[in-house]
Amino acid sequence: MDMENFTSVTEFILLGLTTQPKTETVLFVVFLIFYLITLLGNFLIVLLSKVDPRLGTPMYFFLSNLSFLDICYTSSISPKMLVNFLVERKSISFQGCATQMFIHLALGGTECYLLMVMAYDRYVAICSPLHYTNIMNSSLCIQLAVGSWLGGILNSAIHTVLALLLPYCGPNVINHFFCEVPAVIELACTDVSTNKTVIFVCAILVVMIPFFLILITYIRILASILKIRSAAGRQKAFSTCASHLTVVTLFYGTIIFMYMRPGSSSHSEQDKMSTLFYSVVTPMLNPIIYSLRNKDVKNALTKLTMKKVTSQ
């Protein structure tokens, strides 16, 4: 086949979530609210972690990293998705699609690693409380955070490069609301079985291994909590993990469904809903979960609010 046919696609058309104009208007309002809540909630977590000395612990260092990541994560797709709700022709350039693929996948992989790091932090805090400060020192915390980001970026680079090396000669219609790797490579005019295998293998390394390590960590945490004699002590220990465990369940539940199926399995509408949940809904819920179940965050927010009121 002539090479010009392989480079004929210069843009993609996104089918989006629906083709009904009235439904798109409603979805625009709903997801605009979601996006604003996500930005506000996660920004507050980052701000409180910086201005309140009581939140200057490793746990809140990682939490602020997670909040900053969630701001970037949902921003990689939400603005474009909102615009597409209002326009008839939902197009994205080839370069824009590649950029969106890379950023979204990099941040998703980073979140997988970061949630694993946060589980380790809770393990040390509960199972080795006397050595917590020495073990989770600032140097190690920075190394773990940087390692999480680099791991996510490396994983994304592999998938994005492999996807861009494929020939795209048409059609150019993506059955999704943004450029996600599995949806994009379906348009390649060549066999993509190798790409699907790489996606599956990397999902094991980036998703399943961290997930199983988190499970093992919480099994050991639970064993340590059960050894605490007082009910109040057990409740306090468990409450420090409950928020993180809830976030892990929400995030990993949908992302495993999305990426850990055999390559032949393709359910476009289900894929859209799964991606929507872990890319848009979960980043919105994370700060709510942490603030509702965390006295330190609520006290810091109250203190900041009172300071603003008294200064006026």
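Cβ coordinates are placed from backbone N, Cα and C, and glycine is handled just like the others.
For 41-290, the entry in TrEMBL reads domain 'G-protein coupled receptors family 1 profile'. The transmembrane segment annotation in TrEMBL covers 26-48, 60-78, 98-120, 140-166, 198-219, 240-260, 275-292.
Mean predicted confidence for the domain 'G-protein coupled receptors family 1 profile' (41-290): the pLDDT average there is 88. The list of residues near the transmembrane segment (60-78) in space but at least 6 beyond its ends in sequence, with Cβ under 8 angstroms from a Cβ of it, reads 31, 34-35, 38-39, 41-43, 45-46, 49-50, 100, 103-104, 107-108, 110-111, 114-115, 117-118, 121, 141, 144-145, 148, 177-178, 279-280, 282-284, 286-287, 290, 296.
Outside the transmembrane segment (140-166) by six or more residues, the chain places 58, 61-62, 65, 98, 101-103, 105-114, 116-117, 120, 181, 184-185, 188, 190, 192, 194-195, 198-199, 202, 205-206 with a CB less than 8 A from a CB of the stretch.
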